[in-house]
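Annotated features, as they stand in Swiss-Prot:
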type     : residues                               : note
BINDING  : Asp201, Asp203, Asp205, Tyr207, Glu212 : Ca(2+) 1 binding site
BINDING  : Asp321, Asp323, Asp325, Cys327, Glu332 : Ca(2+) 2 binding site
DOMAIN   : 3-170                                  : domain 'Miro 1'
DOMAIN   : 188-223                                : domain 'EF-hand 1'
DOMAIN   : 308-343                                : domain 'EF-hand 2'
TOPO_DOM : 1-601                                  : topological domain 'Cytoplasmic'
Amino acid sequence: MSDDETLADVRIVLIGDEGCGKTSLVMSLLEDEWVDAVPRRLDRVLIPADVTPENVTTSIVDLSIKEEDENWIVSEIRQANVICVVYSVTDESTVDGIQTKWLPLIRQSFGEYHETPVILVGNKSDGTANNTDKILPIMEANTEVETCVECSARTMKNVSEIFYYAQKAVIYPTRPLYDADTKQLTDRARKALIRVFKICDRDNDGYLSDTELNDFQKLCFGIPLTSTALEDVKRAVSDGCPDGVANDSLMLAGFLYLHLLFIERGRHETTWAVLRKFGYETSLKLSEDYLYPRITIPVGCSTELSPEGVQFVSALFEKYDEDKDGCLSPSELQNLFSVCPVPVITKDNILALETNQRGWLTYNGYMAYWNMTTLINLTQTFEQLAYLGFPVGRSGPGRAGNTLDSIRVTRERKKDLENHGTDRKVFQCLVVGAKDAGKTVFMQSLAGRGMADVAQIGRRHSPFVINRVRVKEESKYLLLREVDVLSPQDALGSGETSADVVAFLYDISNPDSFAFCATVYQKYFYRTKTPCVMIATKVEREEVDQRWEVPPEEFCRQFELPKPIKFSTGNIGQSSSPIFEQLAMMAVYPHLRRVFYLNDSNLLSKITFGAAIVALAGFLVLKNL
């Protein structure tokens with residue numbers, strides 16, 4: 001294929017018996033008149049986009065069986081977007097050749113079940129000859145045949161229409177949308193249009209009201225429908241689909257039927273305009289650019305929901321919280337994410353989030369989910385937001401945008417340290433500890449779950465827990481991430497060592513528990529700028545001496561760490577525990593590490609930032625903010 005041809009949006013290949021007028025058709029198209037002297041075969045022709053009705057660059061290839069070997073012919077056919085099989089209406093043998101030679105050759109090239117459209121072109125129709133009785137059975141028996149056009153290169157009859165239909169067959173193909181055998185929408189098309197309907201059903205009542213229909217019309221086509229046009233649409237649907245209209249609104253069945261009507265009436269471009277507005281490619285899959293927009297995240301930066309992203313996901317919650325109880329029941333949650341290809345929030349990963357006593361996702365837990373995913377798995381956030389309909393309508397007519405507007409890239413941490421402040425909302429805390437140190441109980445407490453809840457959690461559960469905490473009268477998200485290491489010699493990944501704060505948990509009743517924490521700290525976090533704190537668990541039990549060079553308190557003094565914090569029974573299940581507030585404060589203000597060291601951790605956790613702050617710790621914090 002030539003370099004110029006690789007730029008073509010549509011590649012049309014003409015095949016057919018010798019003498020059918022393939023070359024004459026191309027010459028008549030180029031010259032806009034009949035040409036008496038034509039070559040045996042033309043080289044490839046490239047037609048610029050600005051002279052085509054659909055504004056697409058088009059390549060036309062004139063194949064000659066006699067002049068080329070079969071392998072080359074097959075190779076050329078395989079590169080085609082659409083194939084025109086040319087026959088002569090004055091020669092019935094060329095009609096027979098469609099079934100005996102050309103369609104089999106096309107299937108040999110693409111495989112028995114292919115989706116490359118085929119157009120039958122009956123040339124030399126300037127006389128009285130008519131082959132309709134033979135052509136119609138061919139079209140009915142071969143679903144890849146999109147249409148048949150009779151034309152005349154001599155009189156210019158339908159010459160430009162042939163190539164227009166060929167372009168349309170590629171740009172607005174029928175087969176992905178319509179099953180010619182069942183005369184119904186394909187499963188892929190139904191699934192895509194159901195997603196479109198659910199996104200446009202703003203109030204989630206199962207209907208498209210006149211307002212929602214008009215919003216849909218303006219979004220996809222740039223102009224509103226008149227009241228008369230709206231009534232005509234609903235009347236046409238009611239006539240053919242009794243269940244399509246109710247309460248003077250369009251139901252899902254009616255919406256699907258409306259697009260079936262468009263396709264059956266040859267208005268495929270209408271349905272394709274809708275589908276492409278909502279991100280679909282010809283394969284009826286969402287485009288990669290739509291799902292995964294390119295983004296560069298500098299080292300030291302993180303990603304969070306932007307105000308637009310927060311507004312979008314918050315509105316989704318309101319839309320699908322049908323009983324307005326501030327929670328999403330399993331059915332409401334399933335309904336919200338029904339347009340996504342795979343389950344989003346499962347029984348396992350819901351343990352990372354706040355739920356009510358029935359295990360239903362609260363609004364707080366729902367928003368925490370999006371903040372967690374955006375921080376640790378941005379690709380997943382992009383994908384899910386795209387399926388859910390963000391940012392349809394933001395990028396102009398005929399195209400879906402991308403999800404970049406849904407997120408913001410935070411400032412580099414190094415600059416935050418230099419400026420003694422940050423505008424970040426989400427912070428990650430690494431939770432490190434030996435087996436049975438109480439990590440699961442500690443982490444689940446952030447989600448408000450007590451011992452009885454933890455007892456029901458299986459061994460395989462999410463290594464994350466996230467919730468909102470208050471820091472200096474601001475709402476932040478603290479994401480706890482458990483480090484799954486069996487021994488302190490196990491290596492930590494770069495993602496694990498780049499946390500905002502680290503909590504080392506040790507069991508005061510296990511003499512070997514602290515050694516695990518001390519070893520990991522010295523190996524990975526000593527002399528780094530990451531704030532760290534030791535947390536003593538199971539403090540109601542009898543404390544034993546730890547098998548380490550020095551006791552935990554002395555270890556913290558030597559390494560200028562805050563004194564160990566006690567995680568007691570009273571903290572279990574308390575998402576508002578001062579311990580979580582202190583971890584968040586250390587993450588938000590890492591430049592205050594020495595303040596945390598100089599002062600008692602329990603005192604510091606109780607500090608209230610306001611107009612008047614007492615004690616030395618308050619003075620030091622104010623001085624360094």
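Our numbering is plain: 1 for the first residue shown, then up by one each step along the chain.
Yeah, the Cβs are placed from backbone N, Cα and C, and that goes for glycine too.
Tyr207 (Ca(2+) 1 binding site) falls within a strand when secondary structure is assigned with DSSP. In the structure as shown, the Cβ atom of Asp201 (Ca(2+) 1 binding site) sits within 10 Å of 21 other Cβ atoms.
Confidence for the domain 'EF-hand 1' (188-223), expressed as mean pLDDT, is 96. Of the chain residues outside the Ca(2+) 1 site list Asp201, Asp203, Asp205, Tyr207, Glu212, Arg202, Asn204, Gly206, Leu208, Ser209, Ser249 have their Cβ within 8 Å of the site's Cβ mean position. Take the mean position of the Cβ atoms of Asp321, Asp323, Asp325, Cys327, Glu332, the recorded Ca(2+) 2 site; other residues of that chain with a Cβ within 8 Å of it are Glu322, Lys324, Gly326, Leu328, Ser329, Trp360. Same-chain residues lying 6+ beyond the ends of the domain 'EF-hand 1' (188-223) with a Cβ under 8 Å from its Cβ atoms: 176-178, 230, 233, 246-252, 255-256, 259, 271, 273-275, 277-278, 280, 284, 319-320, 322, 335, 338-339, 387-389, 392-393, 397.
Using a Cβ-Cβ cut-off under 8 Å and counting only residues 6 or more beyond its ends in the same chain, the domain 'EF-hand 2' (308-343) has close neighbours at 194-195, 198-199, 202-204, 355-356, 358, 360-363, 366-367, 370, 374, 383-385, 387-391, 405-407.
Of the binding-site residues Asp203, Glu212, Glu212 has the largest number of other Cβ atoms within 10 Å of its own Cβ. In the three-state DSSP assignment, the secondary structure recorded for Asp325 (Ca(2+) 2 binding site) is coil. All protein chains shown were included, and the count of other CB atoms within 10 Å of the CB of Tyr207 (Ca(2+) 1 binding site) stands at 20. Listed in sequence order, the residues of the same chain lying 6 or more apart from Asp325 (Ca(2+) 2 binding site) and placing their CB within less than 8 Å of its CB: none are present. Straight-line distance linking the Cα atoms of Asp205 (Ca(2+) 1 binding site) and Asp321 (Ca(2+) 2 binding site), rounded to a whole number, equals 12 Å. Using CA atoms as reference points, the binding-site residues Asp201, Asp203, Tyr207, Glu212 were checked against Cys327 (Ca(2+) 2 binding site), and the closest is Asp203.
Considering only the binding-site residues Asp205, Asp321, Asp323, the Cβ with the fewest other Cβ atoms within 10 Å is that of Asp323. Taking the C-alpha positions, the distance from Asp201 (Ca(2+) 1 binding site) to Glu332 (Ca(2+) 2 binding site) comes to 15 Å. Cα spacing between Glu212 (Ca(2+) 1 binding site) and Asp321 (Ca(2+) 2 binding site): 19 Å, rounded to the nearest whole number.
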